[in-house]
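As written in TrEMBL, here are the features:
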- 57-468: domain 'Amino acid transporter transmembrane' (DOMAIN)
- 58-77: transmembrane segment (TRANSMEM)
- 83-110: transmembrane segment (TRANSMEM)
- 159-182: transmembrane segment (TRANSMEM)
- 188-206: transmembrane segment (TRANSMEM)
- 218-240: transmembrane segment (TRANSMEM)
- 260-280: transmembrane segment (TRANSMEM)
- 292-315: transmembrane segment (TRANSMEM)
- 335-353: transmembrane segment (TRANSMEM)
- 374-397: transmembrane segment (TRANSMEM)
- 403-426: transmembrane segment (TRANSMEM)
- 447-468: transmembrane segment (TRANSMEM)
Amino acid sequence: MAEKYRYGEYSQEDGHGYGSGASDGVVNLNTSSGRPGGYDDRDVFGHEEGHDIKYKTLGWPMVSVLMIAEIVSNGMLSLPSSLAVVGIVPGLILIIFLGVFATYTSWLLVKFKMQHPEVHNMVSMDRWKGSYFSGVENVLIRAQGDAGKILFGPIGREVLAFGTVVFAVFATGGQLLAGQIAISALSNNSVCPMLGVGIYALFTLAMSFPRTLDHMSWFSLASCISILVAGIVGMVGAGLHPTPNHEISIVQSTTFFDAFISITNPVFAYAGHFMFFVMVSEMRKPQDAMKAAYTLQGFATTYYVVFAAVTYAFIGNTVGSPSFISLTPLWQKAAFGAALFNFWIAGALYAHTASKLCFVRIFRNSKHLHSHTLVGWGTWSILVIIFNGAAFVLAVGVPIFNYLIGIAASLFAAWFTYGIAGMFWLHDSYHYENGVRTWKRKWFQTALAAFTVVAGAFICVAGMYVTVRSIVEAYANGEIAAPFAC
């Protein structure tokens, strides 16, 4: 038995390769499950035959829907204001480039997942106990552990675990604030902001409770329709009531500070890759994951370009963020009303993910993971309440929470969406192929992977700089509200 894997293969000396679609592009399927041979032996949820709760039930179309519902949300409403800062041509080029770049990093993440079926998320779990082939005793999976531990060891495991949960909770809070803005617009600002967030948090909490993503997928389909309709309503409203004498800039000269703030808008509009491993882990056929990723990125990039360009063309350089606030009151209400369901489901997906990461870590290889036990459901309920509650408290109790979202996104989303994907390829091509010789032979892929690492680092550092500076300026200008304010 080989103690080291080849890239894209699994213990081929024993004839048990699961064929991840590596250099030869061959995938050996297990005819009973439709998944690659040997995949279930290492996958986080294992063999699910006879279990009460089955996780691996999603087809790639529904995974596409879940990805779109999670990623295409309130972040797109900041894109028209980005065009106002840098100009329509550089802004649209940036949106398209980042969409293509996010597609490439999606491919790297999926490739890594197929090489490491045990990966469930960016954090890490404990080593499996026991054998992974029936009849083969005392054979442990040497590379067991999720992405953080595989790349960086125990310390990396905890850092990425912390970052994943923090970003998921902050993203939930961001969706709660988006919902509160929508409720304020619909009520003519007659609802206390804290009460608005609280009402929205209850809906998000309720939708976070299903244990499997399959039970959230149909709601996610409605969420996709919600944000699509909201964007169309917003564009129609802008077209019917354009800003009088508005100005449109082809190219706009600006400072690095202002320009990078506008750059972070499309960067984080594509953020959400940290959920890819979770979603792929619940697919019936994980080898189809790139179909879902292509659908997501194709839809997101096209929709972002159209929405940003049309909205900016009719409103001009005075467009606000979120862009719906620049519409007339009637159309503002219509657009926000249509988007409410999307904000709700996106927040629930983030809270569900934070809960799922901890739940799987606690009960991996336990009966509570797949059975309707009091301990399992009790723990799951507590986790869902804790993470939704934390998102609510942060959203209404921390005056600079909007800025903290920017810090969390800079620290973690920049890496989860871009930088760390390049590390995955460099790691596996080095350890499971021929080391530096593989890097030299595949020099273009190596350079591209290295570029993603550098890009992630740049976005992280520059994003931190502009966010911290924004906090300082906001305090100086008296723009920071009081905590728990109505």
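For all residues, glycine too, the Cβ spot is worked out from N, Cα and C.
When Cβ distances are compared across the two stretches, the transmembrane segment (403-426) makes contact with the transmembrane segment (260-280), since 3 or more pairs at least 6 residues apart fall below 8 angstroms. Ranking 58-77, 159-182, 188-206, 447-468 by CB pairs under 8 A with the transmembrane segment (218-240) puts 58-77 at the top. Outside the transmembrane segment (58-77), and at least 6 residues removed from its termini, the chain residues within Cβ reach (under 8 Å) are 174-175, 178, 213-214, 216-217, 220-221, 223-224, 227, 231, 265, 268-272, 275-276, 279-280, 282-285, 288-289, 291-293, 295-296, 299-300, 303-304, 307-308, 321-324, 339, 342-343, 345-346, 349-350.
For the transmembrane segment (260-280), the list of distant contacts is 58, 63, 66-67, 70-71, 75-76, 78-79, 81-86, 91, 94-95, 98-99, 102, 105-106, 109-110, 113, 119-122, 146-147, 164, 167-168, 213, 254, 286, 289, 292-293, 300, 304, 321, 349, 353, 356-357, 406, 409-410, 412-414, 416-417, 421, 459, 462-463, 465-466, 470: same-chain residues at least six beyond its ends, Cβ to Cβ under 8 Å.
Contact between the transmembrane segment (159-182) and the transmembrane segment (374-397) is supported: at least 3 Cβ pairs lie under 8 Å, counting only residues 6 or more apart in sequence.
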